[in-house]
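K.L.:
The domain 'Protein kinase' annotation in Swiss-Prot covers 7-297. Sequence annotations record features per position, and here Swiss-Prot assigns ATP binding site to L13, G14, N15, G16, T17, Y18, A19, T20, V21, K36. Under the heading phosphotyrosine, Swiss-Prot lists Y18. According to Swiss-Prot, the active site, proton acceptor annotation covers D133, on the basis of sequence analysis. Annotation source Swiss-Prot lists site 'Not phosphorylated' at S166, S167, citing experimental evidence. The ubiquitin cross-link annotation in Swiss-Prot covers K289.
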Amino acid sequence: MSSSSQFKQLEKLGNGTYATVYKGLNKTTGVYVALKEVKLDSEEGTPSTAIREISLMKELKHENIVRLYDVIHTENKLTLVFEFMDNDLKKYMDSRTVGNTPRGLELNLVKYFQWQLLQGLAFCHENKILHRDLKPQNLLINKRGQLKLGDFGLARAFGIPVNTFSSEVVTLWYRAPDVLMGSRTYSTSIDIWSCGCILAEMITGKPLFPGTNDEEQLKLIFDIMGTPNESLWPSVTKLPKYNPNIQQRPPRDLRQVLQPHTKEPLDGNLMDFLHGLLQLNPDMRLSAKQALHHPWFAEYYHHAS
C-alpha cells in the first residue's frame, strides 16, 4: 500500500458526490494520477462495506475501466489513487457547443464511445458489479479517444444520497424508471437504461430526460416512451411509487424526437438499438453483451471478445 507522501497534490479537479478530486503526481514514477479524497466521519471511521467494495474495484482491470491503483487510509480520510484521464464525456460534449446551441457528436464517434462504454460495462456485469450512477461526467476520455468508466462501485460503497442536492440532480436524468418508482430489485438493467440516455445525449448534445425531481423525471420519460401498463410491464402497478392516476400516453417516435437535433440521418439499426436500451420494463432491456452483438455494431464484431 502506498503512503500519501509518495504523491504530490496538484490542482483541484472537482468535487464529486463523495469526494474531492485532485490531479496528483507519483513522485517515484513521475506518472500523473487522480487523487480522490473521501472525508471520513470522525465518529464512524470508514464503513467496512466501503473498504470491501473498493478492494473489489482494484481487481477490475479492463481497458475501458479507470484503474484504481491504490487506496491510502489515514485517520480522517481515504484517498483513492486512480489512473489520470484528460477529460470526461460531459466536458467533451460541452466543448462542442456553439453559442448556446448544444451540438451532438458525429455518429461514428458516438458509436465508438458507446462500444467502449458497453465493453467496460459488460466486463463489470460479468463480475457481478453494477455501476448504478452512469452519466457523462463519469465517463472519462483520454487524448487517444479511449473512453473509460469511472466511479465504479462507489455508489454501492458509499450509498447514493437519497435527498438529491441540486448539483447532484444530474444523476436523476440517467436513472431508470423502475428505480424512480421505488423498485428495490436492482439488476444490471439499471445501467443499461443509463447507457440509452447517454447515447441519445451524444447524438443531440442535450439530455433526453432532464427532470428536476423524481416525479417530473418519470413524466418526461413517459411523455416520450409512453406510459407503462401491466401488459407491457407486468407488476409495474405493484411498485411502491407507481401512480395509478398518471395520464396514459402512447409512445412517441423516438427518431422524430432526436432527428431535428442532428444533421446526420438516424438509421433503423441505431434506432432499434436505442429502443433496446430504453425499454421501460427492465426485463426487456438488452444486456450489455447482447448490446455488443447488435447489428448497429456490425463493423466492430471482429474486435469483440
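Along the chain as shown, the residues are counted starting at 1.
Backbone N, Cα and C define each Cβ position, glycine as well.
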K.L.:
How many Å lie between the Cα of D133 (active site, proton acceptor) and the Cα of A19 (ATP binding site)?
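P.N.:
Each residue's Cα considered, D133 (active site, proton acceptor) and A19 (ATP binding site) end up 15 Å apart.
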K.L.:
In whole Å, note down how far the CA of K289 (ubiquitin cross-link) lies from the CA of A19 (ATP binding site).
P.N.:
31
K.L.:
Within its own chain, what residues at least 6 apart in sequence put their Cβ under 8 Å from the Cβ of V21 (ATP binding site), listed in sequence order?
P.N.:
K12, L13, G14, N15, A34, L35, K36, E37
K.L.:
What is the number of other Cβ atoms found within 10 Å of the Cβ of N15 (ATP binding site)?
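P.N.:
Summing over all protein chains shown, N15 (ATP binding site) has 10 other Cβ atoms within 10 Å.
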K.L.:
Using Cβ atoms only, which residues of the same chain lie under 8 Å from K289 (ubiquitin cross-link) while being at least 6 residues apart in sequence?
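P.N.:
K289 (ubiquitin cross-link) has long-range Cβ partners A122, H125, E126.
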K.L.:
So which of the binding-site residues is most packed in, judged by how many other Cβ atoms lie within 10 Å of its Cβ, out of L13, A19?
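P.N.:
For the binding-site residues L13, A19, the Cβ with the most other Cβ atoms within 10 Å is A19.
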K.L.:
For L13 (ATP binding site), which of the three DSSP-derived states applies: helix, strand, or coil?
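P.N.:
Where L13 (ATP binding site) sits, the three-state DSSP reduction gives strand.
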K.L.:
Mean pLDDT over the domain 'Protein kinase' (7-297): what is the value?
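P.N.:
Reported value for the domain 'Protein kinase' (7-297) is a mean pLDDT of 89.
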K.L.:
When you measure from the Cβ of D133 (active site, proton acceptor), how many other Cβ atoms are you left with inside 10 Å?
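P.N.:
Looking across every protein chain shown, the total is 24.
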